[in-house]
């Protein structure tokens, strides 16, 4: 029996590889503060998004500026936190914790979009929480501070996704994308003024690569979600980023894991994937 993988699933697999490669580069330049990395990443995205909007003759500022600003603000804060976790935690661990975002999105949807949580979803969340406890309890490299930063980054991402959900059908998707760098550049730029490290040599190439790979990854993600493939199948392919992250961590940083920590990672992924599949079926 031949395994068929749809176009959307293939695009998501490639997007996960591209984004994890970007995360690998972030981890490879710990001497650059995370807010500075976000600044350069956003600067590249700002230019590319602006050119895209101008070519499409789309109104730049949108119709819901307050919500769009919130999308940019939450996205900026979460990305700084996420990048800090990449630089200070094992790569696969940071990727797993970043993937907690869908669970927090479900909580925000209950609080702000009036979408109730089902008992099954609470069970799936409990699995992920147990997974986080195992990761922290059995990996001495996981500093409590950066564990909290990573989880806070996932919460920030969930807040950004919730705002994006509120804007669905009200704004051009490219405008929504544009507002992230539009807000991120001045915020992180001001922050960099007080905590600046001048890039040299390879670091310049790394920062440019982070911006370009992020933009490519976002395009692939968008195309994957807009495909005719099953949404749950497409989304679940994004969790291959944990595999990519683990392999990168082993080969580039010598990051190996105990059985208990691997079990914790699997529980986190299982909880989020089951929640995703369950939510998709509820919407049908």
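The backbone N, Cα and C atoms fix where each Cβ goes, glycine too.
Annotation comment: TrEMBL describes 10-135 (among others) as domain 'EamA'. Here the domain 'EamA' (10-135) returns a mean pLDDT of 91 for the predicted model.
Annotated domain 'EamA' per TrEMBL: 149-276 (among others), in sequence order.
Under the heading transmembrane segment, TrEMBL lists 38-56 (among others).
The transmembrane segment feature in TrEMBL is assigned to 68-86 (among others).
Residues annotated as transmembrane segment in TrEMBL: 92-113 (among others). Residues 20, 23, 27, 82, 85-86, 121, 124-125, 128, 131-132, 135, 139, 141-142, 147, 150-151, 153-155, 157-159, 161-162, 165-166, 238-239, 241-242, 244-246, 249, 255, 257, 261, 265, 268-269, 271-272, 275-276, 279 of the same chain lie 6 or more positions beyond the ends of the transmembrane segment (92-113) yet place their CB under 8 Å from a CB of it.
With a cut-off of 8 Å between Cβ atoms, the residues of this chain six or more beyond the transmembrane segment (120-138) that come close are 93, 96-97, 100, 103, 106, 144, 147, 151, 258, 260-261, 263-272, 274-275, 278-279. Annotation source TrEMBL lists transmembrane segment at 120-138 (among others).
The annotation transmembrane segment is assigned in TrEMBL to 144-164 (among others).
Feature annotation from TrEMBL assigns transmembrane segment to 176-196 (among others).
For 202-221 (among others), the entry in TrEMBL reads transmembrane segment.
Counting residues 6+ beyond its ends, the transmembrane segment (233-253) has Cβ neighbours under 8 Å at 6, 8-9, 12-13, 15-17, 19-21, 23-24, 27-28, 90-92, 94-96, 99, 221, 224-225, 227, 265, 269, 272-273, 276-277, 280 in the same chain. Annotated transmembrane segment per TrEMBL: 233-253 (among others), in sequence order.
Counting same-chain residues at least six beyond the ends of the transmembrane segment (259-278), those with a Cβ under 8 angstroms from any Cβ of the stretch are 92-93, 96-97, 99-100, 102-103, 106, 118, 120-121, 124-135, 137-139, 232, 235-236, 239, 242. Under the heading transmembrane segment, TrEMBL lists 259-278 (among others).
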Contact between the transmembrane segment (68-86) and the transmembrane segment (202-221) is defined here as three or more C-beta pairs under 8 Å separated by at least 6 residues; is that satisfied?
no
Chain residues outside the transmembrane segment (144-164) and at least six past its termini with a C-beta under 8 angstroms from it
67, 70-71, 74-75, 77-82, 84-85, 88-89, 93-94, 97-105, 107-109, 112-113, 132, 135-136, 176, 180
When you scan the chain for residues with a C-beta under 8 Å from the transmembrane segment (38-56), skipping those not six or more beyond its ends, what do you find?
76, 79-80, 83, 172, 174-175, 177-178, 180-182, 184-185, 188-189, 191-192, 207-208, 210-212, 214-215, 218
By DSSP, what is the split of the domain 'EamA' (149-276) into helix, strand and coil residues?
104 helix, 0 strand, 24 coil
